[in-house]
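Working notes, structure below.
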């Protein structure tokens, strides 16, 4: 396919995605209006007399748009990867990524995030206004509850807060999709979108708690709380299911608070798996009609989760490890030479010897253009899980045996940007704190490996700012020591500035830096049992095909099961009349279980197809590299102690002054387009963002320097 044809295909796919997304947003805006309610009721009545039924109509209108967006998005990413078209960054990206808020309470929020939050708040206000105004106009007393007017209105307000929680739940799972390309289409990576999941989850819990607590309050003042709270109705809202869902949601939310998640990660990790029960009881409480609104996220997340499990099998073995003096280790793993990934990519790793359930995210420190058959990860030994793997490797290093016992691991990923557009600046400032240096190790290797390439445009001037506590922490830079020592980088001008905050300046600074870069002990592991390399995920077209199979199968099963098991759908094209005996009605939980069963069957079939394709791919794979041939650790060349480090600086006894750094760098680069990438503690990111705010978005009006802020995460 020629470049012109490929560009046309990309344009058509992008137009289709925009149209589908616009239609889905319009649907959410119209749904709370009285006009939509009347039209939709008529559409459901008409659909009951057809083979699709109201179930098929709800699925097609409320659920399918986002699934279609994921399918088309997969095809779009495939064509994007194949395209050799050089896409230049737009000037608007710089303005929209500008950090407008930076504080310890909410973190760093950009202009585009503020606009997104504002739009969502307006949508919630619109939904609530439309619903509650219509409720107050048609206010009718509830026979089972003796309520005054204010109590009745309060009851309606509480009910509509439940709809606000539903809107948050509809979006809750979309930011944490790793395989399905939903937010990735907007250039938002998984590690960055996790906080959107946190915001939506907090908002959902607030709305749901008000909804539940207010309902219990009304029951209490009506003296019917003991009767209502334990009800498991045959049809309609199941109150007990809603109460269980609320309790589960609160448990998940409380255990995910930062002070618990950071200190007791295992508690956070295991209780988060209660989401399965939470979604199930929400379905029983809200009913299938409301569930179709949130089902796209559930459907995509379920497939996403299982695809990740399949991709992480079979296990592989660690080839070698480098133990650094700063209580960190660098692992080298085998990978398929065909597996390519972008800098700043992350993987999730599980070590079965430590835990069969826990997965932890790590930045890839290597470049797939440099290490074709291996992949490197950096792990800081802090916390129970990471300390355990560090202890395992240290024990092997200190053992007297000639053979080291292999360490088996499961790798999920890599996940990263589909392009390196964010590196296409005239100049770059890479600012790291401690182990936050890891994403920048892959960036620098990628840039150096691509020097002289006409396909990619990389910055010509880079300053790497690294703040550490002790001198030995500089050993984290050992994997790029050959780059720091290389004076033949062509047009690229690389300067390292290290800030050692908790030590006084020694006599021979250059010698300290050289010693730190050359330190580290390497252990090679036994190759026995190593039979698989890391292959990554299948092509996006395969993901699109599996998603298509699952969605079509679910649609067919839903229609068939409802026609077989819900006979009221077949009679006169309508449900039982209001006066009919309630005992003849099919319980609502039966309809809910039909939906769940269809989902489970469709997922099992589609995952069977995915597993077959995976095994076929593994059989054709190239055998992994043996430990003796494994790369990953580049030893610094023996050069004169002072010559290699004339361009670099090491400062002691203080933190970097970002205001001065930005000012000097802007003066040195003139009117260049400057990218500022930050990875490290949140306090460092906030300090950088505030310094940029003081500098002003446009910088100097004469020079027209432009700073573009990017915040990277080295942990999730």
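Every residue gets a Cβ built from N, Cα and C, even glycine.
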With the ranges 239-260, 305-326 to choose from, which does TrEMBL describe as transmembrane segment? 239-260
Given 571-596, 597-622, 623-648, which one carries TrEMBL's region 'Disordered' label? 623-648
Taking 132-153, 198-219, 330-351 as the choices, which stretch does TrEMBL tie to transmembrane segment? 198-219
Ranges in play 98-129, 354-385, with TrEMBL marking transmembrane segment at 98-129
Examine the transmembrane segment (267-284) against the transmembrane segment (544-566) and state whether at least 3 Cβ pairs sit under 8 A, considering only residue pairs 6 or more apart. no
Any contact, the transmembrane segment (544-566) to the transmembrane segment (59-77), with at least 3 Cβ pairs under 8 A: yes
Tertiary contacts of the transmembrane segment (157-177) (same chain, 6+ residues out, Cβ under 8 Å): 28, 32, 66, 123-124, 127-128, 131-132, 135, 183, 188, 190, 193-194, 196-197, 200-201, 203-205, 207-208, 210-211, 214-215, 218, 282, 286, 290, 293-294, 296-298, 300-301, 304
Residues from the same chain, set at least six apart from the ends of the transmembrane segment (198-219), whose C-beta lies under 8 A from its own: 117, 145, 147, 151, 154-155, 157-159, 161-162, 164-165, 168-169, 171-172, 175, 225, 228-229, 242-243, 245-246, 249-250, 252-253, 256
